[in-house]
């Protein structure tokens, strides 16, 4: 059923937003595979996320990694698979800048090797004349939190070693860490961890977060309320991604929707409440007439069962101010038609309060996930618009 819901959401998205894809052909293709997924799920032959990711990667299969302008190779950084995009050396050029990129997909879907992410990283490498390292972290259900975080951290720390940077001719002072959606979550968490590591001599100059998911404390921010049924990432879908990431029980979904896990009588959550008070962190144009959803009596056992709901390695927005003060110059891209809009806006405001230079790049007419949809058959104008703005900022600041 989960797989069917996701594919029907994809169909709805194609109908709601401007695209040239032949929807009738896609509908027939999807219905066949939904039936197959139902059968496999019913027979308990495989996890639904494995089936869904197989279909996504098959539909988005990369026919060739070759490129005339970019050398694309696969490598292993401290046990973590990565894909490296290297532009050719230019005359009299000594060192290049670099971006460590972490793909999205709810910690469970997609791959650095799919054509959508391969295309994005290739264009980044070409446009920025930069070495791009795309991290192929392990996915749910093979592993759950904190393994995705550990994979991203290990790969990044390996790359930040002086001898590795020298091997790829990268300038140690011009490295960014970036990611979209769940990848933005991992990028923010890794950046926070790196900033506190006293043994590191090389750290990212920048972080660039694309519609990042940053908190599981409040599922009733104005953007969650406004976009609860928005295609691509409805609220229920995002909550299920969190549950899968934490290897939790789907029976908790309703309690999470109404914020029972962070009610006023849940002692573990009290100290964090002030760190994401959207009534003070969001502009009035985003708050509109929405009201906070704060339960007086909730279920403390949810936090006891899933303590990661308050773990800053999973929810970077809950980090203390002392950690935020250590963060590098930051770019955050948000979209109006996205439940995660306010996650990014609140993080931007908290970073600003901590003294970090932040660029908040908000798009009123765009939706979650749009930046990777820039090639046929899923070519959206929103994708081109957001991608160009993101790369422009990197080019001007890295």
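Backbone N, Cα and C atoms are what each Cβ position is placed from, and that goes for glycine too.
Just so you know, TrEMBL annotations never went through curation; they're auto-generated.
Feature annotation from TrEMBL assigns domain 'Alpha/beta hydrolase fold-3' to 99-257, 311-371. Summarising the annotation, TrEMBL assigns active site to 181, 338, 368.
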* Asked: residue 338 (active site) to residue 368 (active site): how many Å between their Cα atoms?
  -> 5
* residue 181 (active site) and residue 368 (active site), distance between Cα atoms, whole Å -> 8
* **Number of helical, extended and coil residues in the domain 'Alpha/beta hydrolase fold-3' (311-371), per DSSP** => 22 helix, 19 strand, 20 coil
* Asked: the domain 'Alpha/beta hydrolase fold-3' (311-371): mean pLDDT?
  -> 98
* Asked: Going along the chain, which residues six or more apart from residue 181 (active site) have their CB under 8 A from its CB?
  -> 104, 105, 106, 210, 211, 212, 213, 340, 368, 369
* Let me know the DSSP-derived helix, strand or coil state of residue 181 (active site), please. => coil
* Structure fact -> For residue 338 (active site), the number of neighbouring Cβ atoms whose distance to its own Cβ is within 10 Å equals 27
